[in-house]
Every structure is written in C-alpha cells, then in structure tokens.
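Listed features, source TrEMBL:
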- ASP532: active site, charge relay system (ACT_SITE)
- HIS569: active site, charge relay system (ACT_SITE)
- SER746: active site, charge relay system (ACT_SITE)
- 1-11: compositional bias 'Pro residues' (COMPBIAS)
- 19-42: compositional bias 'Pro residues' (COMPBIAS)
- 523-784: domain 'Peptidase S8/S53' (DOMAIN)
- 1-42: region 'Disordered' (REGION)
- 50-76: transmembrane segment (TRANSMEM)
- 88-110: transmembrane segment (TRANSMEM)
- 117-136: transmembrane segment (TRANSMEM)
- 148-167: transmembrane segment (TRANSMEM)
- 188-207: transmembrane segment (TRANSMEM)
- 213-235: transmembrane segment (TRANSMEM)
- 247-266: transmembrane segment (TRANSMEM)
- 272-292: transmembrane segment (TRANSMEM)
- 299-317: transmembrane segment (TRANSMEM)
- 337-358: transmembrane segment (TRANSMEM)
- 365-385: transmembrane segment (TRANSMEM)
Amino acid sequence: MTESTPQPPAPEGRLEAAPPSPPPTSVGTLEPPPPPAAPPERPSTWGPLAAVYAVLAGLWAVTWTFVFQTGAWVWWQWLLGTDEKVPATLWTMVGIANAIMVAAGALPMLFMRRWRALWVTGGAWLSAAAVLLVLAATRLVPGVANEVLLGVQGVGALLLAGIAWLVRRLRRGEVPAVGVHGEPAAGARQWWAAVAGGVALLPWLWAGGLGSVWETLAAAVAAVGLAALAGTVLGRRFWAPFTGLGGWKLVLGGGAAAGAGLYVLGASVGGTGVQVPLMVMLSALGFAIAALQRGSARAGQVVAFAVAPAAFGPLAFVDSDEFLPLILGPEDFGRWAGIALLIAVVAAWVLAVVYWAGARRLLRLPAVGAAVTVLVVATACAVYFTGNPGFNGERVVVVLGSQADLTGVDAIPDRNQRLTETYRRLVAHAEETQASLRSELDDRGLNYTPYYLVNAIEVETGLESRLWLDDRDDVAAVLLSPQLRPVPEPAPVMNGPTVPLNATQPNISMIGAPDAWASDVDGTGITIGISDSGVDGTHPALADGYRGGDDSWFDPNGGTTTPNDPNGHGTHALGLALGNDGIGVAPGASWVGCMNLGRNLGNPADYIACLQFMLAPYAKGEDPFTQGDPTRAPHVLTNSWGCPTIEGCDVNVLGPGIDALSAAGIFVVVAAGNSGPTCGSASTPPPRYAESYAVGAVDNAAKVAGFSSRGPVSGTGLAKPDIAAPGVEVVSSLPGGGFGPLSGTSMATPHVAGVVALMWQANPKLIGDIAGTKAILASTATPATGALDILDEEIPGGLDECGGSKNVVGAGVVNAGAAVAAAREAAE
C-alpha cells in the first residue's frame, strides 16, 4: 500500500502546494499522496473477547517459540558437551515445528473479522510463522559456517520481503489509512526509530567482538533482510487499527502485538543460540516502535529503521561457537551477553515511554531526530573503539596426508638420543612435505603457523580458502580452528580457603601413595608436563616444584612468560599430581606447563602447540623447528582435556602427535572424559587412541563415577579407559593459594601421572619403557567395587556393562604403593 495519511482540506480561497514525494526507501518507493480527504471514523477494534483471545494467542506464540528455540539450544549444548552427534536437521525441524505451533494459534484469528485489530494481528503473526517456516531450510547450513549461514538467511529474508512487497503493491487501496489528524513530517519517525535501534545496538558493541570481515558483512545482510521482513509483516496494514486508538493503548496494545510478531521473526535468523537474545530484544523494541506509529504508508519503514541496527548487534557481535553457558560456564561470554540484553531491553522500554510522552513534539522535529541519530552513531563508534575493536576471524588447521616415519626410535636406549632423533625426523619431514603448501600460502598472502609433531599448518583464513585447500592432493583434512572472541573482562578465577591442609587427603591415601613415600620415593628427578587452563606458579603447594628457566612455560595464545591460571582447572589438576601439603601423589617431582584452555574452549592448533612444546621445549620468541630442545622434555604428561567436534577436532587429528610422544619415550596420560555412563562415550581425542593412557574416575569408595566415560571406542572397538583413579570431590590447589574440591576425570588423570613419576624414580630403567610401565600399572591395580549412574545411584552389575569392566574401569583402580614395589622388583 502506498497511500499517505489524509490531510485536512485547505480553507476556501487558499491555495496550498502539494507535499513533495518522499524519497525511495528500503521498504519501497512511495507514490505521491492522494487528494486530501476527511479522516475516517475509527474502526471498531478491541472487544473483551478480542482482547482475551489476542493475549492468549500472543502468549501461545511467544511461549512455544521460547520452548522450541531456547529448549533446543540447551539440548544442543548438552549434545556438544557430551560429544554426542548433533542431527544435521535439528534446527530445521525445530523451525518447522515452531512455525506450525505459532500458526495454530494465529490462524483462527483470520476468521474473526468482526474485530479488525484481531484479524490483522493474526495475519501478521501468521506471516511471521510463514517466514520462520521458510527460513528453517537455511538451518541446514552447518553452524560452524557462520558467514554462509548468515548470508543465506539475509538473502532469503530479502527475497521474501521483496515478494511480499510486490504482492501488496498489486493489492494496494484495500486498507484505508487510519492515523492521527494532521500527521507531522514522516521523516522524523524514521530518525527516531533509528535512534531506538542504535541505542539497542550499543551494549553489544561493548560486550562482544566482531568475527571475520565476511562474517560481519553477512551479519549486516542478515540484519537488513530481517528488518525488511519486519517492515513488511508489520506494515501499514498491521498498524491501521492500532493507531486509531492512540496514546497508551497504541503503545501497550500495538507494542505487545508487534513484540510477539518480532519475537517469532527473530527466531528465523542468527547462528545457533544467537536467536535467543535477538528474539527478546526485538520484542522489547516493539513498544518503542508502536509509540512512533501514526498510521501512514511509512509505518513499515519505522519498523525497519529500528530493527536493522538492533539486529546487527547480536548477529555480528555474538559467536554461536562461544555462546555456550552450559559448556564455558555462566561467567564467560554468556554473562556479558545477558548484561547486554538486559541493557538493550531496558533502553527499549525507556524509549517507548519517552516517545509516548513526547510524541507530539518529537515527531515534529525531524532535525532533532537526525541530530540525535548522529549522536548515537558517534557514541557507537566510541564504544566500539574503546571496547574490542577489530576483526576476530576463524582459522583452519590443514593436516597433511604424510606423517613422519618414526620406526625404530623406540629402540634407542639413551633417552636424550631417542628424544633428539624423534625431534629430528619430525622436523625434517614437516619441512620437506610442507614446502609446497607454505609457498602457496605465501603467494596468497595468508598468515600461517606450521607444526611438526603433527604434520599440519594452521592458516588464518575462513571457509573462503577451504575449497582450494581441500583440493590439494597432499592434504588429508581441513579442520576449523575456532577462535574465541574477546570479552570485557575474564571470568572470575576459582579459589578456595587458604588455610594449609597439612594432612594427606583421603584420595591420596586411597591409592596407597603414602606407602610409596615410606620407601623414599616421591617423584624426585622426574618432570611432569601439564597442558591445561594454566597453573598458578605462586601457589605454595606448587611453587617449589616449578622447573624454572625460560623454556618451562608456554602460552600459545596470550604469550605470557610466567605460569598463571585464569581459570583454576589446571592448578587443581597439577596439585593432584605433585602438590605438597598432602594433596599430590609425587610431591618431589618438578613440572613444566602450557596453557591451551584459558577459557575452557580449545582448538586443534592449541592442543598440538602444547603437545609439541612438551617434546622439545623452547623459550618465547624462539622457532620450535630450529630452537626446540628435546633434552629438556618432561618425562610424563598429564592432560585433563578432550577435543570434541565443537572445538574442531576430528577423530584422527591428534593421533600422530600422541604416537610421536610415545615413540620418544614420554608417557602420555589423558582424561577419559565426563560423558558417562553411556557406553562408547570415551571416543573423543585423545583418550580414543591406543598410545594414550586414558583414566576414568572413581569415588573414595572405589565406585566408578556416573560421569566417567566408558568404552569401547567408536569405530575401533578399543577398550577404554585403561585405568581409574579418584575423581569425585577431591581436594587440591586453587589459584590464590587456596584449596578446594572438584570432580571429574580431569581430577583422576593427574593421580596416574604422579604414580608413573613415582615408578620411574623407583626404577630409572623404566623411564621411556611405555609398554612395561603400562603392564605394571595394570597388574597392580585394585578392583573397583561398583559403578554409579549419573544420579550417583549404584547400577546393579554396572561393571559388566559396555562389554565388561575393561570398558568401565579398565584394569581397575591405580595402586601407587603396589606399582612402586613392582617397579623396584623389575629393576632387580
């Protein structure tokens, strides 16, 4: 419809110039207004029945959209956290079901034409459901391809808006304009709508960060497409019966009706989870939009001008890969997204009140509206450049098909020679086989980081380079390497009481560590390497064990040069391996560290970088290919992490690295995972590999924890875990000098690393003898007493599930005293 709001007739004998034609807009080119006419009578709108049904239908639409979108998002996070396969059609089916339920509530409203506001609102909600239904097909694009997803959604939204605009052009004249007599200049309303959208954008500029250039452009297209759709669905036809009401009834009634429609429309775009805050913010914006309506053909433009900048906020500044409060914890980006959403919603409501109270004056001051818009733009620039400016594009890890041949290195008797030969072969093979790819990357101007432990290269590029990389004959896989965007402040660090414990903890006594200590074995002379969230190197229980030197700490992301832990997980894990004060198994051992999980979400490149550092440590700024020192490699590695698909890993990527470390004589201990009690859940890298020594968790009564992952490994049938150790409410060190309990196979793993340190001190001939060490650990393990479910209820016959106890508890519960005694016997 292109009719303008009617103007009052001019006094007799007076000539008035016709108003100029408004310029083209994003919703359509408006034609000159028709001759002036007297304002029509206000149509009948809300009766009691209409009001009740509208409220119920609106609640129906919003509730079902919330249930489907938020519920599926929570379930999706659970699937990712347990590394369960996410159905490719999950979000498409969610969109279809959501649309059907919204339509079911809105459809009857089309047959209630007695109440015009009711059937017009029902038509708008039905249109929103149709948009959600059609755009559900775009959800088949994998969420990791965010720029493609947003681009497809944006183009699809623009096409739908164009089609709807053409249809309405053909049907123009059907609905009369109903508005305020003597409507002020229409341009002012667009300016004030842009102000509302810009203010809603501001908190996202502060809380989040942009992705790549392509992601940002795609987000802009998606925001404009959504705005065009919103302006079409909530155009003049929708607002006509509401503007006749005027005042607070327009703001509350029209705002609520528009808000429900925007809530549904918001569910149709955005990466996984991003639609959740988008829906809420747009629905709140509906009240400010309502306050600006005056019933002209430009009503849709007002909606579009508000929605476009507001939608750009979460679409551009929120990454679905890190909007994972169930995985990263509520204190990571989820916290900042929640604050940004709250600010945006409150700001939208405040502006609704301001617009309602000052509408008559504000809408007659387009110049003021333009000036305020400029002020909002300037504020947005200031917030952006003082926050997290710049682009944070994704990267890919290119794994080459040819991996180094390490045959025979495990037969070299001297440890240093064995380590050095392993390092030499790996580096030489990587230099030779990567030459061609590196040359092409240089020619294309792409930054990259090569690795040798796994013959791979991380490239600073996105999906735009994936096709030609995949086409290379020397490439085995191209994996996404997700990069976390910056946040305003890091999450609070875990801490605990700083009172020294001065007593051996029950979990340490349970595995017989004091028996080993009684034979003068405490891990002295053995170095344990930990890759984790970091380590608080100043903690009293850990400080004395730090090996020192400029090659004992590596931070591939932050570049820090001294041990630190922004989380607390790594500090707790290392304390169980070698902390003093009665918390660690091998308090005499030394340690080196690497940070690969500063915010509890890693990627293949960071995992490889830390494992590579452990083979041949080097100082910050040195070249790992030429300046690594394999003679400084730690003896045992403790790795309380896994690399699920959400972090970019496939099942093979870390395998060559684990094999190389084992060939070099380094004992690699890993966590089995916390996805139990499902059989086959111990299938993520690295516990899935034969050369990694996977550890499950038991409580202090030797019952297998319900969360402890089980075997067999999917695809290979390998029995995992290899052994178990205490991992339920075990006390260890926390940053700041404190102590506290944590649970998980992450806590069980360092127990076993500490036991290996004790064994290798007791019998130096075992150092590097991976098979012999594993055999002793298995032969001296003690049986578990049962198995628990996820609710900590004992499972009858639980140890026999999953194909037998070997896939539940492995060889049994590690026994430090017996293992040390057996190691000494082997030396005789």
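Yeah, the Cβs are placed from backbone N, Cα and C, and that goes for glycine too.
Bear in mind that TrEMBL entries carry predicted annotations, made automatically and left uncurated.
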Between SER746 (active site, charge relay system) and ASP532 (active site, charge relay system): CA-CA distance (Å): 10
Paired segments the transmembrane segment (213-235) and the transmembrane segment (117-136) in contact, 3+ CB pairs under 8 A: yes
Stretch of maximal Cβ-Cβ contact with the transmembrane segment (50-76) [cut-off: under 8 Å; candidates 148-167, 247-266, 365-385]: 247-266
Contact call for the transmembrane segment (148-167) and the transmembrane segment (188-207): at least 3 Cβ pairs under 8 Å, seq gap 6+: no
The transmembrane segment (299-317) and the transmembrane segment (188-207) contact flag, 3+ Cβ pairs under 8 angstroms: yes
Same-chain residue ranges lying at least 6 outside the transmembrane segment (337-358) that approach it to Cβ under 8 Å: 192, 195-196, 199-204, 206-208, 247-248, 251, 255, 277, 280-281, 284-285, 287-288, 290-292, 310, 313-314, 318, 323
Segment-level pLDDT (mean, integer) for the domain 'Peptidase S8/S53' (523-784): 96
Spatial separation of HIS569 (active site, charge relay system) from SER746 (active site, charge relay system) - C-alpha basis, Å: 8
DSSP three-state assignment (helix, strand or coil) for SER746 (active site, charge relay system): helix
Same-chain residue ranges lying at least 6 outside the transmembrane segment (188-207) that approach it to Cβ under 8 Å: 25, 281, 285, 288-289, 292-294, 298, 301-310, 312-314, 316-318, 333, 336-337, 339-341, 343-344, 347-348, 351, 355, 362-366, 368-370, 372-373, 376-377, 379-380, 383-384, 387, 487-488
Same-chain residues at least 6 beyond the ends of the transmembrane segment (88-110) whose Cβ lies under 8 Å from its Cβ atoms: 53-54, 56-57, 60-61, 64-65, 68-69, 72, 76, 118-119, 121-123, 125-126, 128-130, 132-133, 135-137, 139-140, 142-143, 264, 267-268, 272
Among ASP532, HIS569, which are active-site residues, the residue with the most C-beta atoms within 10 angstroms of its C-beta: ASP532
DSSP state at HIS569 (active site, charge relay system), helix/strand/coil: helix
SER746 (active site, charge relay system): tally of other CB atoms within 10 A of its CB: 27
Beyond the flanks of the transmembrane segment (247-266) by at least 6 residues, Cβ under 8 Å: 46, 54, 58, 61-62, 65, 98, 102, 117, 121, 124-125, 127-129, 131-132, 226, 229-230, 233-234, 238-239, 275, 278-291, 293, 303, 307, 311, 352, 355-356
Three-class DSSP secondary structure - ASP532 (active site, charge relay system): strand
